[in-house]
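What TrEMBL annotates here:
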- 488-510: region 'Disordered' (REGION)
- 21-40: transmembrane segment (TRANSMEM)
- 52-74: transmembrane segment (TRANSMEM)
- 81-99: transmembrane segment (TRANSMEM)
- 105-126: transmembrane segment (TRANSMEM)
- 138-159: transmembrane segment (TRANSMEM)
- 214-235: transmembrane segment (TRANSMEM)
- 298-318: transmembrane segment (TRANSMEM)
- 340-358: transmembrane segment (TRANSMEM)
- 370-389: transmembrane segment (TRANSMEM)
- 395-417: transmembrane segment (TRANSMEM)
- 429-451: transmembrane segment (TRANSMEM)
- 457-480: transmembrane segment (TRANSMEM)
Amino acid sequence: MWWDERVSARFRRNLQPTLTYWSVFFSFGLCIAFLGPTLLDLRCQTQSSLSQITWVFFSQQFCLLLGSCLGGVFKRTLAQSLLALFASSLAISLVFAIIPLCHNVVVLAVVMAVAGLAMGCIDTISNMQLVKIYQKDSAIFLQALHFFVGFGALLSPLIADPFLSDTNCILANGTANASSNLPHIRKSLVPHHPGNLSHYDLPMKGMVVTRVSYAFWIMALINLPVPIAVFFLLYKERMVPCFNGSSHPLLPADELALETRPGDKDELSTAGQRPHAAAGHEDLFSCCQSKNFRGASFTYFAVHVTGALVLFMTDGIVGEYSGFVYSYAVEEPLAVVHKVAGYLPSLFWGFITLGRLISIPVSYRMKPATMVFINVVGVLITFLLLLIFSSSVVFLFVGTASLGLFLSSTFPSMLAYTEDILQYKGCATTVLVTGAGIGEMVLQLLVGSIIHDRGSYSFLVCGMIFGCLAFTFYALLVFFHRMYPKPSPELDEASPAKAAVPEDTGQYQR
């Protein structure tokens, strides 16, 4: 195997939970990408206007952010975490099954809000669990985790495509004129962000002819093995409530051994000396409690903030680029035909998924800090070249693929890097997931309004500015990393990362 025996042995001991978390993230990807392509058919199903149906995007994204903030609430025991993942993955299957029954746009928005909450919980808990299991070896497993969300995001539009309406799915007067705009409108909604659609007039009353229900029922069946896998993990760990299983603390064996050593336990319990050591992985609201701030150094906060700001920018770029690259391509001066421009969002997400696959072996040989540096510099250079060759359609496709590759591994690499700095004792996972979610939502709205006022060229200018800010925040993070106090030699020797492999019992929940 291309990794060493120590990591391989650790992976074998934690094979079932690792595969379970990867499969749950597949559910996340499956759910995040289907809405764009199917939204026009859902508009017909609910007989709503384009402006009304696009509120479904907001309900999903807002509740995803809320779920990310609340996900850390379930971190205290493994039983709580797995039950939350079981409920979330099962909720996604139920959402897929229920969507065809939603004939009112408000009901559909509520159902998608439930899906958003489930996705947010999955996002925080799955990242947090893998970091807890593998700690200093977590980078490679986080890269694999985020490959599965990309794989799910690619699969759901492919499942939906055969069932999408080729013409307007509400038969009424003016159907022919509306149908001529349908390809343009549909591509403007790929993958999960609505463009400026207010000037399109589609019929709201008439006979509804859509087969999109079959796509959602197929996705519900495809996703059903995921909650079953989580249930089997609960059963294996004897945490199914009817079996009266006890809830074990969510700590690996070597970390529990560290915490139960008398000398270290007394040291870690001294809040004045190491308040952040006791903080652990909290939900966002627990992280903000004043008791976690007492005695914490300035660099402790700075690492959290700068790490979150890097992801605020990079995930924001993912959201705004995927949401508006089609609209940019079809406008002057490029004026790409609609059918060709429709490949751009798919190309972008395809190379994000490819980049995550490539990053799995690369992350084992390369430090997370180095990978983040390559990512942010690559994003910056790509946007610079896109601005220089802004009149070239060929380079737009090349730049889109390049941007997808460089952005693909930023989140897992930044998470592994920041957790490593904080010795896995801060709130990095929750803060970074929340920062990334806020960035994706805010920058999409910001860029959409700027393009509307300033024209399509501002799309690339905004990307360049965001790339510069991401590099600046990364440089600040590296600076604060150098200032951050190193752990004492005694504590470092006993840390989970330094523990010998034979001491690990293989029972990942203990």
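Any Cβ shown, glycine's included, is placed from N, Cα and C.
Counting only same-chain residues 6+ beyond the ends of the transmembrane segment (340-358), those with a CB under 8 A from a CB of the stretch are 33, 143-144, 146-147, 150-151, 153-154, 157, 183, 186-187, 190-191, 318, 321-322, 325-326, 329-330, 396-397, 400-409, 412. Within the chain carrying the transmembrane segment (298-318), a Cβ under 8 angstroms from the stretch's Cβ atoms is held by residues 276, 352, 372, 375-376, 379, 403, 407, 410-411, 414, 417-418, 421-422, 426-428, 431-432, 434-440, 442-444, 463, 466-467, 469-470, 473-474, 476-477, 480-481, 483-485, all 6 or more beyond its ends.
Most Cβ pairs under 8 Å to the transmembrane segment (395-417), among the stretches 52-74, 138-159, 429-451, belong to 138-159. Below 8 angstroms of C-beta separation, residues 299, 302-303, 306-307, 309-310, 313-314, 316-317, 320-321, 324-325, 327-328, 369, 372-373, 376-377, 379-380, 382-384, 386-387, 390, 417-418, 443, 446-447, 450-451 of the same chain, each at least six residues beyond the ends of the transmembrane segment (457-480), sit close to that stretch. 138-159 is the stretch from 52-74, 81-99, 138-159, 370-389, 429-451 with the greatest number of Cβ pairs below 8 Å to the transmembrane segment (21-40). Most Cβ pairs within less than 8 Å of the transmembrane segment (105-126), among stretches 138-159, 370-389, 429-451, belong to 429-451.
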